[in-house]
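Per TrEMBL, the features are:
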- 1-21: signal peptide (SIGNAL)
- 21-125: domain 'Gnk2-homologous' (DOMAIN)
- 139-248: domain 'Gnk2-homologous' (DOMAIN)
- 276-298: transmembrane segment (TRANSMEM)
- 350-629: domain 'Protein kinase' (DOMAIN)
- Lys378: ATP binding site (BINDING)
Amino acid sequence: MAVVVVAVAVVLLSASPPAAAQPWQYCSSSSRYSPNSTYQANLDAVSAALPRNASSSPLLFATAAMGGGDDRVFALSLCRGDADAAGCLGCVADAFRHARGSCPLDKEVAVLYDACFLYFSGQDFLATTANVGQISLYNTPQNASAGADHPGAAALFTARVRELLNGTARRAAYGSARRFATARIWNGSVAEPVPTMYATAQCTPDLSPADCWGCLEDLVGKAPLAGGTIGARTAGVRCSYRYENYAFFRGEPMLNMGTPPPPSTQPKKGKKKKQLWIVSIIVPLVSIFLCIFCLGWIRNRRKGKLKLQEQPMVNLTRVEDVSSLWTIQDTDSEFTMFDFHQIVESTDNFCDENKLGQGGFGAVYKGQLPNGLEIAVKRLASQSGQGFVEFTNEIHLIAKLQHINLVRLLGCCVQGEEHILIYEYMQNKSLDFFIFDVTRARLLTWDKRLNIIDGIAQGLLYLHKLSRLRIIHRDLKASNILLDSDMNPKISDFGLAKIFSSNAIQGNTNRVVGTYGYMAPEYASEGVFSVKTDVFSFGVLLLEIISGKRNAGFHQQGDFFNLLGYAWKLWKEGRWFELLDKSLADHHDQDQAMEILKCINIALMCVQENAADRPTMSDIVAMLSMETMSSLPYPKQPAYFNLSTADGELSTTAPSSVNVVSVCISEGR
């Protein structure tokens, strides 16, 4: 078990930044190694490799373990989040040289520079999240009584810095893949005794957001905010913070807090008159425009026939917008803002070899983060305006949803024209990859298919009833069911999903979106959607899983144009077994045959013409768990039953109002 180390050095500095950064170190003499020993050889190898590994990492972070037994060396280096690769390389190399020179033959050493932190030990500290090897430094003014003549100055300073550090720590934990943040809190007034303060906070990027926040919260809680300090820092193996009364980091702060002081200069009299003249013209024009806008809005509201108040989507056009939405309002979320260069690195610059597929609004790539985690990266096509709507919709919905049968959205990246979603990677691709392929379908035994059916049903039940939000997916299909390494299903692609209020029954839309073959008739023809819309799609998907045939473009025996009509015909005539996938036909026992028959019954109930006749997902989950099917209702004729092929021509009795709706249909993505 690693020894917890805390080293404290009090450094007296003036209020201005120091001219040159000096290294600080902690040397533990409790454990030492012999010259020319195996431990020294291992440490030499680590000191040669670690600077290069850290500087070549997009996160400027590296760990190492070398040797075995008592001669094993463990090391970690982390460069500050605003450093560059060249600076990181030099800093870590210097840290090793300083450690060997200042702490010769010590097995446990910590070295702190402004730009990097290094720690190595003979104990395995890498296996834990403990923040060992801490070095703490305090910055005190030359005049320790500065501000003492202002009543309450000390208390105000403590409160202000505490607010700054907590905000910076939260931003580092939940707002950056690098687990790094910079911040500034304005003094708000020239007369205020507390100056504008600056801070950084950082964790090792292999920590989860929750672990990072826990480490920083503990560290900040112990920060010295009294006793005349105007700056302080503590750095350890896992996290660090620093605050000063001057800007000590590169670039503008990632987070600004408080209110900037007003400008001290006063405008000239002529400029004041010109401003008053402009205001006297602009204000009446703006007032007239607002009146016209309000009248138009009220008129449109009265004319509208929408039965559902759809929740507005958030227009996320900047990294700060996304970050504030998911890191400030919902700190329990594991949602992370990724840097674009990290995504480029993980996908090998979006190379074709890593391309998993091409969707309607962009391509999907496989990637791997520095910690070894495999990810799926959906990159929005820059020219896709509708794709950006889906992008914001997906962030708005799925980042707050957590269920074993929903794909997990790890985070996103917004930089310039780039809009990217990052998901957990599913090793077995999607359901359509298996059920519509003759060879791969044989891998899906009935037990595996039944597990997939049950998992999809559980995921939909969560969306419709059990989650914090009531959500209709609107694009459930085989290609949107992903399979993990154990063939467990996960519902994906929430770009078309809609939030329902808890007491709403159905909603209308003038823009019908979805995939041909999975749309409920009331949605395709009239734009009416509800939870029963997803139930219809589930029924279609269930028949596809059982038969191994696609509903869209189905051409089978007789005059039936789709799988629904064909399944209904076989069901009525008692020839349901002819519907089975060939890989299932000869590989099921009597009990499994009854389960298959029950699932066909449920599927036909889901695809009935009238939405009111279809069961809810609660009903479906209950029916799937029944041991017998004697109590199951007999299904009515399915939707689109009158769609048929006769002499090569398609005839339909679908309502003519379909032409009134703007229909956007996308094939499988």
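Along the chain as shown, the residues are counted starting at 1.
Every residue, even glycine, has its Cβ placed from backbone N, Cα and C.
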What residues, ordered by sequence, lie under 8 A Cβ-to-Cβ from Lys378 (ATP binding site) and sit at least six positions away in the same chain?
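In sequence order, Gly359, Gly362, Ala363, Val364, Ile420, Leu421, Ile422, Tyr423 meet the Cβ cut-off.
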For the domain 'Gnk2-homologous' (139-248), DSSP counts of helix, strand and coil?
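Here the numbers are 35 helix, 26 strand, 49 coil.
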With helix taken as DSSP H, G or I, strand as E or B and everything else coil, how many residues of the domain 'Gnk2-homologous' (21-125) land in each class?
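With helix first, then strand, then coil, the domain 'Gnk2-homologous' (21-125) has 40 helix, 35 strand, 30 coil.
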Mean pLDDT for the domain 'Gnk2-homologous' (21-125), as a whole number?
92
